[in-house]
Amino acid sequence: MKAIFNWLCALLLAAWLPLAAADDFLPPEQAFVLKAELRDAHTVKLHWAIPPGYHLYRERLSFTGPGVGQPQLPPGKRKFDENFGKEMETYYNALDLDVPVSGTGALTLTVGYQGCADAGLCYPPETRSFTIDPAALGVLTALAGGSTDAAPAAATATTAAASATAAAAAAPEHAEDDASLAQRMLQGGSVWRIGGAFLVFGLLLSFTPCVLPMVPILSSIIVGEGNVTRRRGLLLAAAYSLGMALVYTALGVAAGIAGEGLAGALQKPWVLLTFGALLFALALSMFDVYQLQLPGALQSKLSESSGRQSGGKIAGVFVMGALSALIVGPCVAGPLAGALLYISKTGNAVTGGWALFAMATGMSVPLLLTGLSAGSLLPRAGAWMNHVKSVFGLMLIAVAIWMIGPVLPVTASMALWGAFAILCAVFLRPGTAVPAGAGIGTYAAKALGVVFLLIGLFQLIGAASSGTDVLQPLAHLRGGGGGAAGGNAAEHAEPRFTRIRTVAELDQVLASTRQPVMLDFYADWCVACKEMERMNFSDSRVAGAMRGMQLIQVDVTANNADDRALMKRFQLFGPPGIILFNASGQEVAPARVIGFMPPDAFLRQLQRTAS
């Protein structure tokens, strides 16, 4: 349906889309005119004038600063937004808000917002800052350089986890939603409300593949104790849970002291790779490759200090709980990033520590129930227990692959998912005979094994043939037109771009070129940019036309001064935008591409540049 919609748009707009220049769109300061007025000592009136054909996003609004409260946001018009690939609430025509402020001295109100044009152009996040003097009522003037280098809090959760490398897509879109929700919980409400909200948040997280595999790890510790009472099991589980809670509390306090970098640190490539490897190592324990327990030297020291039957074992379990929190931390980076970002901006280490302690407590509920059962909820030795352990082991492997996927080449991710799917098929044994009298569950397992086997083969074929999309591993083999058949591997390789950062670097490229140049404006939050990569740049015909060009790209995710200078030079207000130059370094204005364009239409633009 989405592809049909894109083709219909291309046909309807064919008469003018190739000629569309950036001046068809209003600059952001005209598209979203923000005025602020101090009505009284405790209220700032904000007014956005939004022209027809433009809209602001409700969830992209943020209001920060010491003494700044959160306004009541009116419900917006709900629509499925192609830029973000989900349903969002939007405001049209105008938006009026009353922002509560408190304090006797001067303070600064920073307002973040983002909007798009209905025609498809999405503007980068904007911020405006106002200095408020409670004694000086009236219209407020925005501070110079209000569009700061940092995206507003509501949008930063998406980009904080991203780097300027292939790890740019590390935070999936649902993580952005989690982060925004976590921020909203922290921004409003009492201490008890915040604690309760994050307790529920943690409880929900406890049933995700990030946390649930910790249950058999704790189970193995309890079983290793032998015959334990319910009290002893609960004590072990509580020690394990407190170890987890301590780590999360420390993260919350550290964020209030260290600043915003802590949230992004959880998504650095080396962090993801390290903890992905640890998750894989834990998965091996589920397959009995080794027995999960504390190192002997550490066990001896703990036992000597406080006795094996009391404090020693408890202390060891506490340490393992802390380690498990470090392991799953990057996996739950969505809500964790939202909390850490807000805490780092406000500097409220106490609230941050309390919120993350409550979240860790909620995550620990299944663990506490496991301990309270004293092993009675655990499967007994036998085939059933082995099956359960295998399921948890596979879950751990899946989480490990998902965690490290963003920092790997697409083909490597496809190969890992293919191997994982085949591993699942091996455990389901679809090729073995069904025993007499088997129930429907056995047949369902065999059928599921066949499905996993096919998925694995498709992923491996896609990886071997330089596929570009894990979700569509064989899509690139369909190709397009004559270029898809009979070519060699080089003809099907996806074009590679060289990154530039400044206007000076661009001028240097244009001055030295002897071939046409393509300049691509890209951002991590730009869904249409990823569509261009997946549907256009991987098309064999388009790739063939691009091979004769010098390909350069600007990543405007950060929306810093250099990014804005490059966009201003071409009167662009956001990605995607593709500027084409001839071999003399002059722009071919009619070939400019604004927004997503289907492969056939995009190919015609490239051919126009070449001619």
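In case you wondered, yes, glycine gets a Cβ from its N, Cα and C as well.
Record features (TrEMBL):
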| type | residues | note |
| --- | --- | --- |
| SIGNAL | 1-21 | signal peptide |
| DISULFID | C116-C122 | disulfide bond |
| TRANSMEM | 191-212 | transmembrane segment |
| TRANSMEM | 233-258 | transmembrane segment |
| TRANSMEM | 270-293 | transmembrane segment |
| TRANSMEM | 314-342 | transmembrane segment |
| TRANSMEM | 354-378 | transmembrane segment |
| TRANSMEM | 390-408 | transmembrane segment |
| TRANSMEM | 414-431 | transmembrane segment |
| TRANSMEM | 443-464 | transmembrane segment |
| DOMAIN | 488-611 | domain 'Thioredoxin' |
| DISULFID | C526-C529 | disulfide bond |
Beyond the flanks of the transmembrane segment (414-431) by at least 6 residues, Cβ under 8 Å: 390, 394, 397-398, 401, 405, 408, 445-450, 452-453, 455-460, 462-463, 467, 470, 473
Rounded distance in angstrom between the Cα atoms of C122 (disulfide bond) and C529 (disulfide bond): 11
Cβ neighbour count within 10 Å of C529 (disulfide bond): 25
Per DSSP, three-state class assigned to C529 (disulfide bond): helix
PLDDT averaged over every residue in the domain 'Thioredoxin' (488-611): 83
The domain 'Thioredoxin' (488-611): DSSP-derived helix, strand, coil residue counts: 56 helix, 22 strand, 46 coil
Rounded Cα separation (Å) that holds between C116 (disulfide bond) and C529 (disulfide bond): 15
